Amino acid sequence: METDPANSSSKSPAVVSEKDVLIPEPSENTVGVVQDPVSAEREAHEDSISTEASVAKVDDTQMPASSTGSEPLSKTDDIVPCPPGSSPRESPPSIFSSSGLSSWAKSFKFQQQDPNRTDSGMSAFTRFTSELGLHLPTKGSEEVGDSRSSNTQVGGAFESLTKAVVDSSRGAVKAMQVKARHIVSQNKRRYQEGEFDLDMTYITENIIAMGFPAGDISSGLFGFFEGLYRNHMEEVIKFFETHHKDKYKVYNLCSERLYDASRFEGKVASFPFDDHNCPPIQLIPSFCQSAYTWLKEDIQNVVVVHCKAGMARTGLMICCLLLYLKFFPTAEEAIDYYNQKRCLDGKALVLPSQIRYVKYYERVQNQFDGKVPPERRCMLRGFRLINCPYWIRPAITISNHTDILFSTKKHQKTKDLGPEDFWIKAPKKGVVVFAIPGEAGLTELAGDFKIHFQDSDGDFYCWLNTTLTDNRTMLKGSDFDGFDKRKLPAPGFHVEIVMIEPDNSQPTKSKSDSTQQQSQSSSSADSSKLKSNEKDDDVFSDSDGEEEGNSQSYSTNEKTASSMHTTSKPHQINEPPKRDDPSANRSVTSSSSSGHYNPIPNNSLAVSDIKAIAADASVFSFGDEEEDYESD
């Protein structure tokens, strides 16, 4: 009897092999990648149904053959799949069960939608992925990203461009500074080692000469901007802190520029005097003693001397220090050594007055045991210009370190006269003299004094010291500061400076009284002869038309001189009145028939009066009228 297939299938359970059982294992891909909340929920439901069916099949295979399918299928919800080889009770609940999916879904915490958020227009999937930390590109985000990236690129390009411009500007400024500093330093030797390039020279291992350390606001606004082309303060400090830390002391010689001494930790000493000038003679031994005291404290100590350029004033004081320390026996050797060390061409200390003061200090060392002798007081009598061409007729100013002692522009008798009027031709050819008639001298001097000749072709001047200078001093043109800068030549030009003691009206005469009287009696004849000679010599005449234009004045001068020398009772002015004499206020006296002096008021002197008085050789007599002057 044939059985019905339908009945047989309902009566006998279906046999399911292990191959037919599909037990999916959880993986990272299964957990992490979720496409959409709706689709994810649908897939979870389908997986749950398939899992229940699979469990049911497994359960049927494990049931005995005699069992029937009378138990309801709803009990399969409590069955949890487990891996093969393990008991169902020991395995944890699977995430693919309903309870596992519920707990897995609860682990996600979604924030509430903020209506004010800018991403409210985003899709649900985009918001979901953003909550999971998966920033997937969208059209809006691409636009925002493009704008941000473009802004970033523009900002980066601008920043790079700005940095390049700043770097190039700094490089250009640095190059300009280096160029300017080399131009300003000119022929001076520079210290160029390692990272340093400074206007600085080691004269010895312990004596350094350098330019002014500028660039600090404490030295004033001009000193601050000088840092662009001079040694910069920061670089100088860095150099000494690197090479001579706690072993250096700075000596500032500038009177026109100071700075905060604390920048050098207070190790700064100031010995100021003006540029292109000489110091008070007492300042030199004080400087040398201070430097020596610092050097002997430690063998590694160094002294750093500077003025503005670090050449002339610095050279004067360093050369004197070399003499003080017995490096050299003579001033010439010390000056030559310093010049070779400081400058490439050996022209550092070149001003004649400053060289003269180094020689003064040599005399102080050798003759006065290093101590400056007391100041000698004397009277400046006048000047004589020898081999003087007509184009040299300077105004005169006498001064010291604090005051102006005499000036032809301010003196009562000369302030209204031009230089060509108060410089008087002497009987000797090419000689002009200057003195104040009727006065003991131009001014009283003591110690250092400066003679400044102000001429249209260029000023020239010199510094002297009464204690270390003779009463009669002859200086060549090359002995004056600034004379070499004049355009017009003056070969053989000399200046004789005549000083007298305060208690004497005239210096000691080199000729006898009889010779002097003979010279005075022949002054009118010499004056007449000089007149005829000067007509043929344009070099020593004031102008081409002077002789003709002033012939009447010369005639008056000769007559006045003759009358002053041929009276029956001559009252020649061999000596000007002393200052303590009541007649000191008289400018000049003349002869009269009664033999008495008639004073001429000071304010009555005119150009013709000065020239008339100048014809009398005794007024401008320095005691050597017979002396001849030869051109060098």
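Count begins at 1; order follows the chain as displayed.
Cβ coordinates are placed from backbone N, Cα and C, and glycine is handled just like the others.
Look at Swiss-Prot and you will find 1-12 (among others) tagged as compositional bias 'Polar residues'.
Here Swiss-Prot flags 1-98 (among others) as region 'Disordered'.
Summarising the annotation, Swiss-Prot assigns compositional bias 'Basic and acidic residues' to 39-48.
Residues annotated as compositional bias 'Polar residues' in Swiss-Prot: 63-73 (among others).
The compositional bias 'Low complexity' annotation in Swiss-Prot covers 87-98 (among others).
The feature domain 'Phosphatase tensin-type' is assigned by Swiss-Prot to 189-368.
Taking the Cβ of C307 (active site, phosphocysteine intermediate) as centre and 10 Å as the limit, one finds 26 other Cβ atoms among all the protein chains shown. What Swiss-Prot lists as active site, phosphocysteine intermediate is C307, and the listing cites sequence analysis.
Averaged over the domain 'C2 tensin-type' (375-502), the predicted model reaches a pLDDT of 94. The domain 'C2 tensin-type' annotation in Swiss-Prot covers 375-502, and the record cites sequence analysis as its basis.
Residues or ranges marked as region 'Disordered' in Swiss-Prot: 504-603 (among others).
The feature compositional bias 'Low complexity' is assigned by Swiss-Prot to 505-527 (among others).
Annotation source Swiss-Prot lists compositional bias 'Acidic residues' at 535-549.
As annotated by Swiss-Prot, phosphoserine applies to S541.
Residues annotated as compositional bias 'Polar residues' in Swiss-Prot: 550-571 (among others).
Look at Swiss-Prot and you will find 584-594 (among others) tagged as compositional bias 'Low complexity'.
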Worksheet, complete the sentence: Across the domain 'C2 tensin-type' (375-502), DSSP labelling yields 10 helix, 55 strand, 63 coil
